[in-house]
């Protein structure tokens with residue numbers, strides 16, 4: 001037996017090859033070893049997860065070729081702490097690694113996540129995120145000073161990898177105890193990390209992190225028990241003791257702890273009895289809980305769901321809501337879906353994997369980034385789907401064509417929407433959900449025509465009547481006026497901006513509620529959401545706004561149109577191509593004018609959003625953004641005085657300047673940007689000068705900026721000062 005150990009540790013014949021760690025890996029290991037982390041326990045979670053992945057792989061291969069399991073049918077993970085040697089060993093009967101795998105996976109080829117993880121660590125990220133970056137195996141160095149990996153793959157010999165993390169590692173052929181197939185990771189623990197050899201501590205970590213691993217995790221602990229034997233037996237045991245020293249892991253070992261007093265206690269005609277301590281190996285399965293999604297939902301507590309959610313997602317917070325269901329009939333599958341408490345910071349990044357639902361087929365893990373399983377707008381959902389009908393050896397290409405998967409997807413979307421609707425009944429929790437995932441709901445309305453109606457019921461908005469509460473479209477409809485035919489909304493940047501907008505003046509005066517849409521995605525959402533419960537959605541910033549009015553109001557409006565028809569024509573001539581038309585408004589109360597867009601063009605807000613796109617299409621910008629209509633308020637003193645001025649002398653130069661000033665100011669107040677802000681600013685400065693009584697021909701001003709004075713649009717001189725004051 002000692003010879004075998006010697007061969008394993010220092011093989012005489014086999015050559016030992018030494019390799020250097022790839023620079024990034026060496027850097028990562030140095031970071032792990034030299035930094036203090038409070039939660040070092042995650043090393044065990046990572047190593048058990050790696051074992052589970054290796055077992056998944058061999059099980060997956062055996063489905064098409066059962067002979068792959070001839071080297072060991074029992075799929076399991078064993079944990080063996082050894083206090084005497086200060087080692088913790090993790091053994092699995094997974095797929096194992098070839099020599100090439102060992103060299104590549106454990107040292108010479110950096111995973112894509114290595115650099116990203118180091119950057120995250122240096123930025124203050126938690127070490128427990130290591131598994132998400134594909135470098136979990138290096139977490140062993142949180143607790144170990146040396147790591148030995150012995151592995152056997154069906155297609156190769158048994159090899160041993162070893163490193164003390166000094167920048168290099170060795171690989172050699174291993175002649176030790178044959179594994180059959182699988183991997184044995186031996187951690188030679190640091191002096192101050194012996195807590196991880198304690199039975200209680202190992203159980204605690206496995207329960208916390210690896211309870212739902214699909215393979216049995218067995219813990220082997222050496223224990224002692226009292227046993228009564230006769231004197232003769234005790235002597236025999238003493239003689240055998242030395243021979244058995246090497247076999248303590250496999251057979252009980254006995255040591256004499258009998259005392260003289262015990263020897264004196266005899267039963268007349270019976271032989272002397274002796275009490276001895278017997279060592280034995282206690283084996284205990286740590287994860288008897290079967291996969292939670294296969295159990296009856298009525299038997300599962302919220303705490304169990306919470307534990308499973310955390311083990312599935314590595315989230316530190318509890319989930320917000322859960323949906324556990326099974327579908328039976330022509331198609332059978334079980335699913336467990338979770339809504340997280342908060343959205344990840346990179347939720348809408350293109351490079352991010354598109355979903356987080358793990359796909360299992362008959363309890364065998366297949367993949368965790370199957371894009372066909374759930375639409376992109378639901379990519380924040382977490383969970384598992386376990387199908388009974390998909391073939392186990394299904395490829396990505398086959399999945400894309402699979403009708404079964406399309407049915408599963410349809411059911412998952414349906415159940416997600418059911419879950420959100422249930423969540424909406426709890427105002428407090430729905431508020432948390434909506435703050436995090438409202439963009440996803442709106443994206444769904446834009447993309448998913450089939451479920452648009454259900455998704456629209458989940459929308460919540462501030463309105464002119466809701467105060468600080470967000471309300472649903474259904475709530476809005478129940479509060480509509482008797483003669484109101486439309487749902488009115490306005491889009492903009494902030495709640496205050498839209499609430500003070502000129503567009504909502506008359507509606508608010510008439511007590512008509514207006515929905516405030518203040519997220520950029522709302523613009524895309526309402527392009528697709530044309531109506532709600534038979535009521536058309538109407539933007540108050542677009543032309544042709546129909547407000548409920550009686551015959552008398554209609555008659556008055558017609559009279560005003562006739563009265564201001566001439567002014568509208570003059571203003572259109574002055575503004576030329578800047579606007580499509582100038583009309584009398586029915587939406588203004590306190591503002592003199594506003595700019596509205598055509599029914600099918602972009603709103604001012606949409607134009608702003610599109611201008612901000614780095615890859616925008618300028619040709620689209622041209623025809624979508626050009627249709628502007630100027631609406632004037634016939635009841636406003638500025639417009640009335642301007643009408644009188646224009647009718648008195650339509651060639652009056654100040655009229656032209658005032659019209660342009662009104663137009664540019666209306667552009668700004670309506671949410672558009674100015675093409676030439678400097679010219680507008682100069683006009684305003686001249687108005688200020690007139691207001692302050694400063695002589696326009698002031699020579700000092702001319703000397704200061706002669707060029708600007710020349711370029712400035714003409715405002716009439718002193719003769720017109722009184723006229724300007726009239727307009728004010």
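Placed from the backbone N, Cα and C atoms, the Cβ positions cover glycine too.
Per Swiss-Prot, the stretch carrying the note region 'Disordered' among 636-666, 698-728 is 698-728. Matching 226-274, 275-323, 324-372, 373-421 against Swiss-Prot, the residues noted as region 'Disordered' span 226-274. Checked against Swiss-Prot, the range among 576-626, 678-728 recorded as region 'Required for homodimerization' is 678-728. Within 10 Å of the C-beta of residue 92 (ATP binding site) there are 28 other C-beta atoms, taking all protein chains into account.
Long-range Cβ proximity for residue 50 (ATP binding site), meaning a same-chain Cβ under 8 A and a gap of 6 or more residues, is found for 136, 137. When secondary structure is read from DSSP and collapsed to three states, residue 92 (ATP binding site) falls in the strand class.
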